[in-house]
Each structure stands twice: as structure tokens, then as C-alpha cells.
């Protein structure tokens, strides 16, 4: 039988080695702290770079907000802007030469024809928008017309040719928006039954307009993406030659107490 014994002196010596000295302190580092403080240098973003990125983001958001505001204002004016009044009405006129005096009692009854059109009045902006549909019987062309009193311009859009024509506003023919509005209200109420005459104006096409931005919002809206030309008034000649008339667009419309036949010739 073998008896196993331990040397007590050796055990005490090993225990003394494991104990810290009286003048020393034990430093204990938590494992989590070591994991947080020890980062990969590639993952550390410099302070200046972070600040520059923040400024770029702020400027980008500011530009986006400005674009949304400006775009919203433009879309509101383009789509949501409604005219003060919209009217669909007509006027009767004599197709023959203008008769200002009373006809004799035995004279035959005058041959009246009718023009019907849509009229939108933007009174605050000083603009009249006239839409002439395809006539049923008259030999005239459909068109959209803008009279801009602020820009002092008139624009015709020939719907058959899809071309625009611009000319200075003729205030002797076109009523101002407020006066035209009163006339239309009276026609609608039946207090004024228009039976009028037809006057003629003859225009010729001159130069092409490459940039229409300066023509105002309403004319730009009418003529955007269309070939646009300048017009020049020509002295009306009684009995226009057929060859000349064949090269003309004929637009019959009214924005006064009388009807107007506009010839636009190349």
C-alpha cells in the first residue's frame, strides 16, 4: 500500500506567487470595453467628412423643396387656374357688305349667319380666350384665339394647320375684358339680341418666331411646341382674288358687337 503525501512548504510557496504584491494594484478591463474601443481604422469616418456630408444633404433638401414649391406654383397656374367666366354664345351677322344705314322697306330680308364660340375671360389678368369650333355651314376654319391686354398682343392658333400667329392687339376691334363680360352677360340674359354685321381684316405671314417665352403665359400656353409666326396687317381690298384667298385661312369670330372675318394669308 502506497501513501501519498504533499509537501506543505511547496504549497505555501506556490500560493505566495499567485498573490499580488502589497504595493501593486490589479487592473481589470471588462471585455465589452475592449471590444468597443478597439475599432478597425478603416471604419472610422473623419469629423470633417461627416460635416461636409451633412452640408451636402441640407443643400440637396433645400433645392428639392424649392423645386417642389416652384413646380407646384406652375402646375397650379397651368392646370388649376380657372377663368372668371366661361360663356358659349353666338352672334348673327350679315355676310354681305357692311350695311350701316336702314335698308328700304321693299328690300329683301337680310341673310343672317351665325357664329358660335366659347369665350373665357380672365379679367384680373386682362386676357380673353376664344375657341371657335368647326362651323356647320360657314366656310371658315376652327381656331383658338388669345387677346392679352397686358402684353398688347393677339395670338391665333389655326387648328387645321396646328400653327400659331401673333400680331399686336387691335383695340378698335377687341373689347376689353370687363366690357366684353358685360356684353356676354346681357346676351345670356336676353336683354341684348345681337344681329350685327361682318367686318374684314386681312393679314399676311412674315417672320417666324423662334422663342415665345417673352410673349406671356397665355400665349406661351397656346403656342407651345407649335410653329409660330408674326403677322402684319394689310389694307383690306374689296373682292380678294380667288387665287389669293385659296392660300388664306379664314377665321370668323367676335369679341365685340360685330363679327370679324380674319384672313391669314401666306
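Cβ coordinates come from backbone N, Cα and C, glycine included.
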Given the ranges 55-75, 76-96, 97-117, which one is assigned the annotation transmembrane segment in Swiss-Prot?
55-75
Which residue, out of the disulfide-bonded residues 164, 248, shows the minimum number of other Cβ atoms inside 10 Å of its Cβ in this structure?
248
Out of 223, 265, which of the disulfide-bonded residues has the smallest number of neighbouring Cβ atoms within 10 Å?
265
Other than its own, how many Cβ atoms are within 10 Å of the Cβ belonging to residue 170 (N-linked glycosylation site)?
13
Have a look at the recorded positions 164, 170, 223 and say which one has the shortest Cα distance to residue 248 (disulfide bond).
164
